[in-house]
Structures are given as structure tokens and as C-alpha cells.
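Before any comments, here is the structure.
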Amino acid sequence: MSQNSLRLVEDKSVDKSKALEAALSQIERSFGKGSIMKLGSNENVIEIETISTGSLGLDIALGVGGLPKGRIIEIYGPESSGKTTLALQTIAESQKKGGICAFVDAEHALDPVYARKLGVDLQNLLISQPDTGEQALEITDTLVRSGAVDVLVVDSVAALTPRAEIEGEMGDSLPGLQARLMSQALRKLTASISKSNTMVIFINQIRMKIGVMFGSPETTTGGNALKFYASVRLDIRRIGSVKEREEVIGNQTRVKVVKNKMAPPFKQVEFDIMYGEGVSKTGELVDLGVKAGIVEKSGAWFSYNSQRLGQGRENAKTFLRDNPDLAREIELALRQNAGLIADRFLQNGGPDADDGDAAADM
């Protein structure tokens, strides 16, 4: 047998294309059609299907027009930074297209009134409030394998408490239990997520590493597995308040695309999240319009095509809210200049010390 195989390798007259064809047909007989293919010549390859985040600026910063389907997404940040709001807005955008969405509420903290204000159709939203981390991830796996769900949100990784920890005593030390649970679950989930074309969004919290002298002491919960399996990682931060006279009516928010397997990462975008409303679309039109040179700013005045929008940003936002046709026209112009705006985002947010964990695993 060893002599025959040696002759086969050394025989220069063997037609490699026929040998490859035979090998490919054998693989397809064993594992099914489509189990191996040529990347460039396959006619069934389709464009990346995406779902909007509800923020025009973030959709542009992501490079593909939104969050990609059939992928794992991680949204992380400090408390009250807008993580759940961003996930709920993505659900609302998916439902507008007729998508079926699910919300695994491990924190038992979903506010249905707020979700409705963001545009979520509660009648058609599947919700689960599991008791343990194993139960949450089993429900996630079952829904993904069904192939019927478009967007599934797990809120949050930190709340996925292993059964052994819940059943144990309060002071028991169980190191690495949650990290092992996440690692095992993601190994199972990743193939079925791709086949079912389901987007799975994991919301995560931030913890501080003790004794860090250099670099950022921040890290996310649940071990390192999610950092590797996620195709997109978004770092969301509250950077200020939106005020109307003395009353705080929203948060100024910054989102950094820390990891992106679909397009160049490290783009950074800022927008307002208004209380009871979500992402301020008119605020984005003003800010992105100025950045792209579509909206002119002269002193405190904003204008578009020689038409004045208002004095001051809030007045310009109000004018666009009252004139939806003009707002749509500016949005269309912004989408046509998406490449230019994306380049500006890249200039604003290169990799820094805070991205140490993320940049290493791309």
C-alpha cells in the first residue's frame, strides 16, 4: 500500500484537476452538497444581509449598512450607557421588515413600556426570563436551530449564572464556571447561527481587573470566548447629557466599533439617545450633515441648500422633525456620501489602550 501511494504522489502525469474533482465529489457524497466550494465562483454567494441599528451614523460606521445577520454581536459598556436601547432599536428595525425577534431577559429587567416607545412590537416579540445560565443558552440554541428567528438578544452575559452557583452556598468559590459555560455554548451556537442566518446579540457588562499598572483595567464578563466568536463588538459610552434649559432630556452617546470582521474597525460615532424616544434621528442628520458638508453651519445657524434650518442645534432638530420631507432628502444625500463620512469616523477613532483585548483577537 505504501508503494502505491508513493507512486501516485510522484507520478507527474496525474491530472490534478481530475483528482481534485474526485475528492470534492467524495466530500459532497459524505457531507452533503455545499459542504465545500470555491469561494469566488459559487453562484449562490449573496451579499451580506444586515439590519439597521436605528442609528444612521452607526450603520455607516459599521461599513455594511448595519449589523450583519448570521453573526454573533457583542454590545458592552458601563451601566446606563444605552446597551439595551441599541439592542431594542435593532429589534424594532427588524420587525419593520417583518422579522421575528426574541429577547432572553436573564437580568429580568426588560421594561415593556420603554420597548414600545422605541418602536418594538410587543405582540410579536418572544421573551424568556430563564432561571439559570444553562437554561438561557439552551433556549437560545433551540430558537437559533429553528431557523425562524431573525434577531435574538441575550441581556446580559453577566446575568447568565451557572446552575451550580445558584444551588450552592453564598460564599462558595467557583472560579471560571461562567467562562466555561459561555465557551461551550458558543462552540455549539456558532455553526447553527451561520446556517439559520440568525443575528445573536449578547449584551455585556464591564468589570475592573485588579492590579493593572499599564493599559486599561476594564474587561468584559464571561471569559474570552465571546471576544473571539463575535464578528462585531461595540463599545458604547455615555459622554454627556442633552438638556432643555435645566431639564435633562437625554444622553450624549459615543459608540466605538472595537472589532469588525465585515469592514475596517475602530470607527467612532456620536449621537443622542433621548429619554422615551431612543436615538435622535434628526440630531444625527444635523451632525452628519455638517460632517459631510451637506448641512452648512455659519456661526450658530444651520442651513441646507440655502434654506435655514434654525439657530442652534436644538432648533435645527425641531425644524427637521416638523419637515419630514426635507429630513428624508438630507438622509438620502448622507447615504450617498456614506464612504466619505465613514472615512471621517475612522480619523476620529483609531485603536487605543482601551482596545487591547479587542484588537488582539481580530
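Glycine residues also receive a Cβ, built from the backbone N, Cα and C atoms like all the rest.
In Swiss-Prot this protein carries:
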BINDING   Gly77, Pro78, Glu79, Ser80, Ser81, Gly82, Lys83, Thr84  ATP binding site
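This view paints the features noted in Swiss-Prot onto the structure.
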residue: Gly77; record: ATP binding site; contacts (Cβ under 8 Å, 6+ apart): Lys83, Ile206, Asp235, Ile236, Arg237
residue: Pro78; record: ATP binding site; contacts (Cβ under 8 Å, 6+ apart): Ile206, Arg237, Arg238
residue: Glu79; record: ATP binding site; contacts (Cβ under 8 Å, 6+ apart): Gln205
residue: Ser80; record: ATP binding site; contacts (Cβ under 8 Å, 6+ apart): Arg238, Asn251
residue: Ser81; record: ATP binding site; contacts (Cβ under 8 Å, 6+ apart): Ile236, Arg237, Arg238, Asn251, Thr253
residue: Gly82; record: ATP binding site; contacts (Cβ under 8 Å, 6+ apart): Ile236, Arg238, Asn251, Thr253, Ile273
residue: Thr84; record: ATP binding site; contacts (Cβ under 8 Å, 6+ apart): Leu110, Asp155, Ile203
Would you count the other C-beta atoms found within 10 angstroms of the C-beta of Lys83 (ATP binding site) for me? 22
Residues within 8 Å of the Gly77, Pro78, Glu79, Ser80, Ser81, Gly82, Lys83, Thr84 Cβ centre (excluding the ATP site residues themselves): Ile236, Arg238
